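In what follows, a structure is listed as structure tokens, so that the remarks can point back to it.
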Amino acid sequence: MKVFTILIILFLVFSIVLTKQQEEKSRARSPHLKEPTPTGELIVKLKEGITVEEFTDKTGLVLIKKLNFGSRNYLFKKTSLEFVEMVKAKGKGKGKGFQKPIFRIDSILKTHLEELVEHYEENRFYKPYLKTYEPSDSLFEDQFHLVNTGQFDGLEGFDVNVQPLWDEGIFGAGINLVIVDDGLYKDHDDLKGNYNPDLSYDYCNDITDPTGTIDDTHGTACAGMAGASGDDGACGVGIAPSVNLSGRRIICSGVTFSDMANSLGDEMTSVIDISSNSWGDFGCDIYGCSYVKVSKVLKEAIAEGVANGRNGKGIIYTFAGGNEGDYGGNVNHYSTNKLLEVITVAAVSNGGKHSHYSNIGTGILVSTISSGRNQKDKYITTRTTGSETSTSCDERFSGTSSATPLLAGGIALMLEKNSNLTSWDVQSILIESATFIDPPYKDNRWVTNNAGYKFSPNFGFGLFDANKAVQIAENWESLPPMQTFVTPIQNKIVDIPEDDKNGVNLHLTIETEDALTITGGVILYLSVEHSYIGDLDIKVISPHGTIAYVMDKNSNLQTKLDRHYFSIRTFYGENSKGTWTLNVRDYVPVDEGKILDWNLEFYGVNQEIPEVPEFEDRSLVYPELEEDESLASNLNCSSLLLMLISLFLFIIF
């Protein structure tokens with residue numbers, strides 16, 4: 001009987017523990033059940049016989065309007081809004097918390113309301129979730145970059161936040177997006193409905209059909225990532241399922257720089273909105289890294305497209321940041337991929353980590369989601385591939401190649417909402433709307449600059465958030481035309497001290513009359529002779545103390561840099577006035593070198609950056625602490641059970 005009683009007690013304790021755990025799980029709120037945001041207004045139904053004039057005289061409230069339902073329903077406000085200070089969101093900030101309007105009801109007002117109205121309620125913004133666009137495409141449920149439900153061991157909710165836009169009917173309609181790549185299989189079931197032949201061309205064969213050969217699968221996969229149509233039952237869906245897609249085939253033997261330049265900007269630049277480019281130069285491999293000199297013709301073609309394309313608003317160019325991260329790859333090794341005129345894209349995994357292959361660098365603008373967390377999440381795209389059939393799907397396409405057209409399609413959603421955005425406006429909006437991501441697994445070297453913006457060479461300004469970007473785009477006031485200021489070349493030859501932790505510091509000063517608010521970025525032009533350039537660590541420090549980690553020690557085998565172009569996004573929003581510092585360190589005592597010349601070029605405007613609304617903080621909460629706490633909880637429960645079992649065994653024996 002004693003044994004039976006103890007077993008009953010153990011069973012009851014175990015049941016209580018399980019019940020408590022279930023209750024804790026049930027407390028986790030759905031993201032759709034968040035408290036609606038107040039407007040600072042009051043909805044009132046007046047009592048029978050009470051006039052608006054009588055109500056306003058006694059309460060001091062101001063009539064906004066009569067509501068359409070009923071005969072005595074009105075919307076009122078106070079003579080001035082009251083605000084409550086909220087906790088500052090993570091990510092970019094200006095040193096302040098954000099404020100939420102409230103309608104505070106004191107005892108006097110409450111007395112008047114009880115006397116004059118039947119009922120009242122604080123007015124709030126309400127976002128219904130009843131109509132949700134869920135594509136019927138066969139592989140949509142696997143597309144965690146669009147809607148992350150935790151597929152493939154990912155973190156639920158860590159995605160590009162496009163669902164709210166789809167629910168509003170924003171699909172990229174009317175926007176022309178060109179995929180510059182190895183081919184586009186225009187007859188694929190997932191693409192043919194959006195295919196636009198007018199802007200397509202095969203520069204390899206001088207024909208208008210961009211399909212290419214059966215082996216040209218890369219560009220088709222990129223096209224599906226951006227604009228695969230929805231509800232056709234084929235494969236997955238693109239982030240902008242109604243965008244106009246064109247293909248420009250340039251990846252083949254025999255293509256020239258002039259062909260490539262034409263693919264980026266030709267006589268059709270007036271109608272091209274977005275150019276997506278998931279290609280680049282050789283940068284790094286298992287044998288080491290090389291700095292690639294910027295092609296003048298490609299740079300000019302892109303500069304022309306940004307200055308005069310889209311009837312003066314500028315073509316928006318997206319470029320992949322590259323996939324040589326495992327070998328020390330940095331976007332500043334490359335040519336066109338890091339130009340300030342283009343949007344350079346890095347990749348993060350569905351678990352919120354920097355993808356191991358994704359190149360880092362101060363030229364990265366933003367990140368989008370691709371593979372890189374584990375082997376399972378290589379099933380990133382689930383959309384289209386070029387092949388002999390019109391229904392084939394590619395479930396293995398990833399890298400910064402997939403991250404780039406994902407962003408390009410997201411930009412199409414922005415342009416559908418506001419087609420007047422310039423190319424530079426789009427860059428600013430992407431910076432303003434990016435979500436701060438800081439996985440605790442390693443130091444991501446986030447820097448908060450003097451203007452309050454956070455930047456990391458791993459992630460740029462953060463993760464692309466489609467919904468937030470479109471909301472900002474809707475009411476964005478375009479910045480003035482981009483200006484540049486180039487400093488004189490500093491050509492005094494300076495030795496680089498060997499194995500010196502402080503390195504050498506060189507300085508130049510920007511006077512007030514030449515100062516700009518930095519919006520496009522900063523270019524460092526640098527010439528160096530060194531027996532092993534990979535030994536060098538290069539930083540640029542602004543007058544406000546912000547550090548840009550331009551290049552780390554790596555496996556670069558070169559011995560000379562000749563006016564190499566290093567792009568730097570870190571200083572967005574800062575004023576260029578003051579003394580700038582170039583710091584170069586040599587980590588190894590054996591090799592010798594010297595700085596031959598250097599200077600800076602600033603891209604900016606003569607005004608402050610406009611303020612944007614505050615949004616809900618979507619910064620990722622990483623699971624480590626939660627797992628630790630859960631582990632501790634489980635350990636406590638296990639310890640309790642172990643103690644009871646030990647007691648039971650003690651009594652028995």
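Just so you know, glycine gets a Cβ as well, placed from its N, Cα and C.
TrEMBL annotations: computationally assigned, not manually curated.
Taking Cβ-Cβ distances under 8 Å and a sequence separation of 6 or more, the neighbours of ASP181 (active site, charge relay system) in its chain are HIS218, GLY219, CYS222, GLY247, ARG248, ARG249, ILE250, ILE251, ASN277, SER278, TRP279. Residues or ranges marked as active site, charge relay system by TrEMBL: ASP181 (among others).
With a 10 A radius on its CB, HIS218 (active site, charge relay system) counts 23 other CB atoms from all the protein chains. For HIS218 (among others), the entry in TrEMBL reads active site, charge relay system.
If you look up TrEMBL, you'll see SER401 (among others) marked as active site, charge relay system. Within the same chain, the residues at least 6 positions away from SER401 (active site, charge relay system) whose Cβ sits under 8 Å from its Cβ are HIS218, ALA221, CYS222, SER278, ALA320, ASN323, listed in sequence order.
Each residue in the domain 'P/Homo B' (479-608) has a pLDDT score, and their mean in this model is 94. The domain 'P/Homo B' annotation in TrEMBL covers 479-608.
Residues annotated as signal peptide in TrEMBL: 1-19.
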### Task
Give the residue counts of the domain 'P/Homo B' (479-608) per reduced DSSP state, in the order helix, strand, coil.
6 helix, 72 strand, 52 coil
